[in-house]
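See structure below.
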Amino acid sequence: MIDLIRLAGSGSTRCSGRVEIFHNNIWGTVSDYNWELNDAEVVCRQLKCGTALKNPQFDHFGAATGQIWLSDVTCSGNESSLTECQHSGWGNNYYEDYYDVGVICSACGRAVENSGSGPWQVSINHNGQFWCGGSLITNQWVLTAASCISHNLTEVHLSCHTQSDLTSGEVSLTVEDIICHPAFNNSTYENDICLLKLSAPVTFTDYIQPICLASQNSTFYNGTSSWVTDFSETGNSSFPNILQEVNAPVVGNNECQCYYEGDKAITENMICAMLQARKDSCQGNPGGPLMTKTGFAWVQSGVVSTDDGCAQPVRPAVFTRVSEYQNWISDTVTGMKPNFVTFTSPGTDNDLYFTCPTLSPPTVPTTVPTTVPSTVLTTSSTDDSVFDSGENLTHFTHFASLCLFAVLLHVVVTSSGM
């Protein structure tokens with residue numbers, strides 16, 4: 001028999017709070033000095049609350065009074081209930097209530113092992129052909145890029161990780177409504193973001209899950225590890241087939257602007273990332289997610305945008321920054337609301353102090369005047385050289401002429417004397 005479990009305490013919700021277990025007809029807590037994310041993951045799964053975002057401890061949700069049931073809990077993360085994990089035994093407590101543990105779960109961003117890369121990834125089709133990518137954010141809404149949207153879109157495919165060999169769990173739905181950002185600029189690609197409402201809600205499975213969205217308080221510092229998934233072209237193929245994934249560390253906006261100086265402005269509504277292995281996520285395939293992992297959950301920080309056609313291997317790709325659109329997304333989406341999660345980069349952001357490197361002007365070689373006599377004069381200092389200015393060159397020419405006149409005069413006088 002699996003013991004009952006609940007979340008309680010100050011500020012608790014159905015999927016976040018202090019962990020309590022019902023054993024021997026008494027509710028008690030879990031008190032542990034080394035409470036890990038794997039342990040919290042088991043609790044979130046047992047409560048059907050998705051995946052673990054955080055594993056707070058040290059009285060985060062307030063200390064309970066009374067029985068402490070479990071201590072020294074160690075889970076692999078794959079158990080179906082907390083009592084299946086190793087522990088010190090029922091009631092064998094070594095800690096005080098100060099060490100009562102909690103969990104913060106999320107119903108989004110959960111990628112089940114062997115379920116494919118990104119169960120939120122969708123394929124948006126136009127007239128039966130692949131058109132662009134997108135991400136499922138609720139049971140009826142898809143987030144994509146405004147730059148790839150045609151109002152003749154017909155279908156959205158979910159649980160689709162290859163285009164040629166579709167899985168048995170694939171779901172295809174028509175698009176009921178298309179709402180792109182009213183300030184989208186198709187020249188600068190500012191506000192390149194769009195929402196699609198599906199014709200019916202989908203049922204979440206291991207292969208179909210919504211992704212978490214970065215909240216407006218999120219920070220993605222320079223170098224933050226991120227990933228892009230999309231049905232990108234590979235090799236000589238002209239049709240995207242297999243869902244690709246590529247590492248793309250964040251590049252701060254100040255540094256990113258240096259790469260695009262004179263081409264486009266990198267605004268606060270954009271986020272940049274340098275695609276690794278010289279792969280290209282936006283070759284006719286915008287709309288997919290740029291995402292970062294926090295805890296066991298994936299958080300979408302950007303939307304693949306079409307700016308100069310595709311990312312260049314020598315400069316970062318530019319994405320729409322999701323966190324800047326939390327209010328617009330929340331106000332637009334009806335029914336189930338998307339889950340916004342705050343991602344906080346550790347340390348400090350060195351991009352705040354980044355300045356574009358300045359290039360030294362090229363050195364122009366000095367051209368030797370053609371009127372200079374072939375005789376080379378050696379001087380002790382280049383500062384006193386006759387090549388310093390045209391005025392000095394004129395003085396030298398006059399002096400040489402006078403010397404030549406004196407020689408000729410001497411020859412004439414000598415000849416006359418003879």
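Yeah, the Cβs are placed from backbone N, Cα and C, and that goes for glycine too.
Partner cysteine of Cys105, as given in TrEMBL, is Cys44 (from among Cys44, Cys180, Cys194, disulfide bond). Disulfide connectivity taken from TrEMBL links Cys85 to one of Cys75, Cys108, namely Cys75.
By neighbour count, meaning other C-beta atoms within 10 Å, the densest spot among the disulfide-bonded residues Cys44, Cys75, Cys85 is Cys44.
Taking the Cβ of Cys105 (disulfide bond) as reference, residues of its chain lying under 8 Å away and at least six apart in sequence are, in sequence order, Cys15, Ser16, Ala40, Val43, Cys44, Leu47, Cys49, Gly50, Thr51, Ala52, Leu53.
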